[in-house]
Amino acid sequence: MSRQGKIRAEAQAGECHNCRFVEIHVCFMCCSVFRGVGTHEHVTALVHQHEVRPTSGSARLVGKDGEVVSPHPTVERGGRCDTLARNLSRGGHVDTTLPPPPPPNTAPQVRNDAPLPTPTLFPEFKFTRTLYNATIPENSVGKTFVTPEERMGIVTIESSTDFEIRYKIIGGDKDKFFKAEERVVGDFCFLMLRTRTGNVDVLNRERKDKYVIEVRATGTRRDGKNKLSVLEADSTIVVVVLDTNDLKPLFYPTEYEQTVPEDTPLHKSILRVSAEDADLGRNGEIYYSFQENTDQFSIHPMTGIVSLTRPLGYIERPFHELTVIAQDRGSSITSGATKPSTARLRIKVQQVNIYSPEIYVNHLPDIMEHSNADIYAIVKVLDRDKGIHGEIKSLEIVDGDPDGHFRIRSAEETGGKLGEYNIEVLHLLDREVAPQGYNLTLRATDKGVPARQSYKAVPVHLTDLNDNAPVFDREIYEVEIPETAPINTPVIRLKVTDADEGKNAQVFLEIVGGNEGGEFHINPDTGMLYTAVSLDAEEKAFYTLTVSAIDQGNTGTRKQSSAKVKVNVVDTNDNDPVFDAAEATVWVDENEPPGTSVTKVTARDRDSLDNAYISYSIANLNPVPFDIEHFSGIIRTTSVLDYESMRREYVLRIRASDWGVPYRRQTEMQLRIRVRDVNDNRPQFEKVDCVGHVPRYVSIGTEVITLSAIDFDAGNIISYRMVSGNEDGCFSLDSTSGVLSVTCDLMDVKVADREVNVTATDSTHFSDTVHVLIHLVMAKKSGSPSRLLTDDMGGFECRDTGVARRLTEVLASAEKNNMPGRAEEFAMMPSRYGENVHAPEFIDFPIEIRVNESVALGTTLVRIRARDRDLGYNGKLVFGISLGDQDSVFRLDPDTGELKVIGYLDREREQEYLLNISVYDLGRPQKSASKFLAITVLDVNDNSPKFEKALASFRVTENALNGTAIFRVNATDTDLGENAHVTYSLVTDTQDFSVDRITGILYVSSALDREKQELYELRIRATDGGGKISDVPPLSSDAIVRVTIDDVNDNAPLFALSSYTVKMREDIPLGSVVAIVTAADPDVGQGGEVRYSLVGGGDGEGVFSIDRLSGTIRTAEPLDFEERQVHSLIVRAHDRGTPSLSSETTVIVEIVDVNENLHAPEFDDFVVAASVKENQPVGTLVTTVHATDADPPGDDSVVGYSIRGGDGIGLFSIDSEELNLRPFALRANAFNTEQSWFLPYQEPLCTSCWFIAEVVNLIWALIDLSKVPRSPFVSTL
């Protein structure tokens, strides 16, 4: 029974044919035996690279990448397929289309110790695989056999010599390159595929790298002389054409040209050359190298990238021409190597604009503004580049001159030197327009490509010309001042500015007009206008002063301007009203109706407004029949005056009062009003309605009755007259005496009664008519007939009118009212209108006032108190500073006496003021008092310390010792005491320097290292002692001290690592860069220039070289791994300082072995047959095979042997050095008398040999001898 049939039977029976362990399974691909839960002990040596994973109750073969290779229902979980793994790892192809297992065998299962029944199954006539993988080198000569990955052929069905198998190519070889042959060994007919002879064409992998050949096997039985074809089977052979190094690299293009700027940094890639080789593997891998020895460039041996290893210089060498060699790796180790290819590399060094232009400015003296100077500065521009890059294209002003006052002009245009330029002034400059001057920014551009630019700031300072007059902040100032202001009262501060600077901006003020009386004076420095005399608004209420401001420029250039100051002297009611006359007498007629105007008094006040508004009053205490209109001064009667009964003369005290504040001013006059008697009374008869009897016999001339009339008016003469009743003239009335007498003979009167009507007159007024009724009677004569009346009335009876009584009363009243010596009573004038008796007196006058100089404007320092025991304006006080305020910083309120600060105090300008404080009353005459008040200005920490030099620069070497003094800063503070005590500190955070806090000396406090820090910008702070005695914090100022550290050669070049390890293939071309070591030296100058060298004594001496400038290590001799695997190089880097310092590093170059094993070992034949008896002891020699290697003597030609597989459960062993095959244990099999064992083995480079071992009467085995190491690029025959 064939092996295939047995395995299938075992699978069906479910037991191992070796150990009779049930529930076993067999891999149909590699015949490995497995059980359900693990591998049998006798197959534990097999290493399966691919898992068998269950899928839906069956199993599948999974590759390394998780790809399902082949589902197989009979392989249990846990199994591994070694054959599949081996085929996949070798890149071959595996036939996964196996036929299904045969039907289960009906033979009964037996125990392990029971003999197996004889199988009845026979193998089919078929190839062991439907697909085989094989290889053959390209360019193979005729009769070169392909190398299969496993045996190809058919297991023979019959052992008869009449049965033969023939192979024939039926497809896939249209070019007739191959021929199929057969060879029978034992029960296997090998299929051998070789190249035909006589074929002109050869296999060319580059043209076709794979052939799929269809082979048909025909089995025929010979029956006598006739042949009968009985069986046919087809299979496919995939023949992969292996590469041989039959092509050389080809450059495309063959010439390279590259322009490289000369400032290209070291080790930067410049370009990449490229060659192609159509071969595969190492034969297609290309090494690049330079044909010439050069330290300027390097080329990467594998990528072809050309890099710069030394600085370029256009001046030294503008062109570089190199030849690049391209050689494949196969040629580097193959005798009779192909000729390398070359390419020309032309590198053109491009001159680079390395340096920017350098601008140097030669300043001329400062420009006077408005001057006609045309050149401000001469500028020289240099460029250290050569050629076109060193030429200056332009110099221009790019900033700082927006109005175009300047321009740049080449000096060549005016006959100057090349490279010089003039900064010219185009327009007149005005310093006031640009008080800070101009800061021109120059830009110089060269003609390089690309162009480089540099900038330079050029400050332009303009010297001031006194071209600006002082300017008042107002053209006209208007101010009011009370006329009671004391002398030296501040009026207004005039503010003046001058756009010039220095002395030209210092302004002196003076009054040049409107001050003819010297009423004002001005502080020429502060601009404060003061009163110089006492002002009187009544004399002059308005002043227009012309104040001139003159700067302090040089004589002849001084400028001035002026402003008007209109001073309005405000009236303060300092004048009493004044009557036109102090006394006056007026007459008034009696009996005038009430309201009759008697007179008008007028008072005038020189003050103005309310102070001049006067009201009048009568100051009499006793009532008088007069009143005065308060505002007009008209005096009117309040009742009817009666001369006869009332006072005939009145003395009035008329008072005039203004409306001033705080007090009114009053004055009085005496007005004498005399009552003029007016005939305002009619005569009045004492008796009226008289009735009497007169005898008729009375003689003519007899007085009948005397009528008496009284006139209340004084001095009036009364005359009487008859108005009626005396038509006949019998009576006569004496006009003076009023005696009525008879002028006719009454006897002749015919009537008995006569009524005579008499009136009295004072020549103006007539009295009422008095009726005198006379009864004429006839009576006896008496003794004296000439006189009838015995009294005034005679014998008449009259009605008494009471006039006499009334007259008596009037006369008594008149006498009383006009009694001589009667004094008039008047209201007293208020005492405040009395005389100014007392002078002002200070109350609690301060001895000294101490004030901080930081006091705010408007602060009240003290309130001066004073008193005057007078009243009214005599006691009204005003205050003023008569002297001592030369800086115009104080103001004493005239009314309240508050002393205020109106200007900024500065102790550093004036530390004490002695003010003459004066107080005045407003009496007449004015009285005053004065005292000196000392004001001490206390220091406040308002001034920062000031350094003598705010910026200083020094240089110190980096090896300066600790404690080295560099510089002493000095700052002063104009304050006093602790505020002026200055201490120093170092603000900059550094431990390398320190400053003495008292002396200000800057010391070196730590070891300096220029390489860590080259420039120190130290900020030193001077702080005063503020804050200790006041709330004002300390003030400070800073100075910058730039300390430049000068280099000394104190640093050896330093490598980044103490050792470097690189790996290099042993076959790299000469001149290839192995490593680039760089040492950094932070020193400057020659102390920082590093040179490299290899120290003698290293084991790489002569094999490697180093570029002394760049530290590039290259191969100088071929490398050989077999001769030396590691090279240790000692690289020294030293600077060029004095003394020179150096350091070393180790570069370990590990040589990577390149497989130079070109030839695979070759057996004498690809198959060996032998036999061995069963039950031979372990170690029995079965056979000896021999393989040879064509490589040179050495490790590559030493052949080792091993069994690759096929020895079942390890029945055979093989010597590693000589192929002696020995069995471990052999015993007869119950099923057969012979068994074939396929014994493969594997090495890195190998060839195959099939070994057939026949166990006599029991088993024969087909052994696949292990492949011997060989090159992967050389085909195995």
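Each Cβ is built from the backbone N, Cα and C atoms, and glycine gets one as well.
TrEMBL annotations: computationally assigned, not manually curated.
As recorded in TrEMBL, the features of this protein are as follows:
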| type | residues | note |
| --- | --- | --- |
| DOMAIN | 128-251 | domain 'Cadherin' |
| DOMAIN | 252-359 | domain 'Cadherin' |
| DOMAIN | 375-472 | domain 'Cadherin' |
| DOMAIN | 473-579 | domain 'Cadherin' |
| DOMAIN | 580-685 | domain 'Cadherin' |
| DOMAIN | 694-787 | domain 'Cadherin' |
| DOMAIN | 843-947 | domain 'Cadherin' |
| DOMAIN | 948-1055 | domain 'Cadherin' |
| DOMAIN | 1056-1163 | domain 'Cadherin' |
| DOMAIN | 1164-1217 | domain 'Cadherin' |
| REGION | 90-114 | region 'Disordered' |
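If you look at the domain 'Cadherin' (375-472) against the domain 'Cadherin' (252-359), you find at least three C-beta pairs under 8 angstroms, all six or more positions apart, and that counts as contact. With Cβ pairs under 8 Å as the measure, the domain 'Cadherin' (843-947) is packed most heavily against 473-579, out of 128-251, 473-579, 580-685. Across the domain 'Cadherin' (375-472), the DSSP tally of helix, strand and coil residues reads 8 helix, 48 strand, 42 coil.
Broken down by DSSP into helix, strand and coil, the domain 'Cadherin' (580-685) contains 4 helix, 49 strand, 53 coil. Mean model confidence for the domain 'Cadherin' (473-579) is a pLDDT of 90. In terms of DSSP helix, strand and coil, the domain 'Cadherin' (1164-1217) has 3 helix, 18 strand, 33 coil. Secondary structure of the domain 'Cadherin' (128-251) per DSSP, as helix, strand and coil residue counts: 0 helix, 71 strand, 53 coil.
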